[in-house]
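Notes follow once the structure below has been shown.
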Amino acid sequence: MKPQCILISLLVNLAYAEEYLVRFKNPTAFQQFTSNSNRSWRQFIDNKIEKKFSIGSFRGVTMNLSKNLVNKLKKSPLVADIVPNFRFEAFEGDSVNSAESSYTFNATAKYSYEDVEEEQNITYQPDAPRHLARISRHYQLPFDVGDKDRYKSWFNYYYEHDYQGQDVNAYIMDTGIFADHPEFEDRVIQGIDLTKEGFGDQNGHGTHVAGLVGSKTYGAAKRVNLVEVKVLGKDGSGEASNVLSGLEFIVEHCTKVSRPQGKKCVANLSLGSFRSPIINMAVEGAIEEGIVFVAAAGNFNLDAYWASPASAENVITVGAFDDHIDTIAKFSNWGPCVNIFAPGVEIESLSHLNYNDTLILSGTSMSTPIVTGVAAILLSKGIEPEMIAQEIEYLSTRNVFHRRTLFSSLLRQTRFFTTASINWTIHMTTKRSLD
């Protein structure tokens with residue numbers, strides 16, 4: 001979705017929307033507003049509340065309102081924010097027909113295939129997809145390789161076999177998942193469908209994303225459980241109220257199902273909209289419950305401050321870099337809200353159409369699930385949820401982007417994260433201004 005499309009969508013919603021999202025200042029304000037004893041509002045709100053949301057300390061509702069009632073609500077001391085029920089989009093990239101890159105391999109460049117020291121419990125996936133090989137290395141990978149045997153060992157994905165997310169539930173908030181795909185090895189859990197389409201993926205974005213989190217071949221975490229949270233329809237979009245319901249489901253399922261079963265929780269949000277305090281506060285409410293949230297920075301070539309949930313506090317926001325030239329991808333959002341950069345150009349993963357085909361997409365939607373998979377690995381290793389981002393910073397190295405671009409000049413320090421099994425770029429700044 002381009003920036004001008006965001007503005008047009010917002011203006012259309014403002015002009016015609018009848019259903020509104022209302023955020024309350026705190027749980028007490030919400031209780032007072034919805035109480036039967038609140039006679040001052042009872043005459044206005046009877047039969048107008050469609051759904052109530054309780055996500056950590058976040059409280060909100062969706063309501064069918066006239067413009068007159070909207071103006072009245074804005075003056076209420078109980079109400080923090082009220083906006084139309086706007087649309088969310090999958091941060092979709094462009095598909096390509098083959099995995100061959102248009103770049104030219106620089107045979108004189110400095111490459112290394114001795115980045116990973118041999119350690120106990122380290123295994124490797126030979127001839128791995130490029131994005132997995134890249135997060136296993138210090139240096140840039142070759143491309144357009146003529147002699148594949150010569151560079152064969154460069155494309156190994158190294159990981160610790162005992163820590164592959166087997167005790168983690170990863171919530172995939174997206175267009176659904178092709179659950180019967182053998183690459184998922186019966187690890188997909190049907191969570192909730194908020195689109196009325198039924199479970200499954202009629203778009204492809206969600207299956208591609210889930211594959212990067214935890215499929216057998218393309219996933220960073222080979223044994224993670226994948227929970228389908230379907231909030232976007234076959235056109236790749238959905239209402240913001242669906243996203244709020246999805247967040248509420250994630251919190252409830254994590255606290256009442258996953259944790260009693262000994263599972264830890266991480267959520268992948270490869271979707272977004274224009275900046276919305278309501279969405280940001282809802283995500284922050286979910287994070288209060290000890291769930292790790294990883295969100296796409298967006299594909300608008302803008303400061304991620306203007307996107308949600310990318311600009312929410314304490315979410316791990318992921319930008320995209322081009323691993324052919326190790327520079328920030330030309331489409332990726334950037335700025336102080338972006339925590340880390342992961343491969344996001346021409347990323348291969350699963351197709352929702354059949355078992356044999358794969359799909360190659362570009363976008364921060366592809367970068368994000370790679371980091372979500374790594375977060376699942378860190379959770380498996382016993383890192384506490386609130387320490388995941390800090391662990392990433394601790395393991396990072398500085399200034400991977402060697403080419404100075406408009407983006408790198410606007411960023412502060414960029415960092416390159418590497419261990420025996422995982423390696424991506426990171427931008428340390430985590431503070432975000434709240435509305």
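Quick reminder: no glycine exception, Cβ is built from N, Cα and C everywhere.
Under the DSSP three-state reduction, ASP174 (active site, charge relay system) is assigned to strand. Long-range neighbours of ASP174 (active site, charge relay system) (same chain, six or more residues apart, CB within less than 8 Å of its CB): ALA90, HIS205, GLY206, VAL209, ALA210, VAL229, LYS230, VAL231, LEU232, ASN268, SER270, LEU271. According to TrEMBL, the feature active site, charge relay system maps to ASP174 (among others).
The feature active site, charge relay system is assigned by TrEMBL to HIS205 (among others). In the shown protein chains, 27 other C-beta atoms lie within 10 A of the C-beta of HIS205 (active site, charge relay system).
As annotated by TrEMBL, active site, charge relay system applies to SER365 (among others). Within 10 Å of the C-beta of SER365 (active site, charge relay system) we count 32 further C-beta atoms, all protein chains included.
When pLDDT values are averaged over the domain 'Peptidase S8/S53' (172-390), the model yields 96. The domain 'Peptidase S8/S53' annotation in TrEMBL covers 172-390.
Look at TrEMBL and you will find 1-17 tagged as signal peptide.
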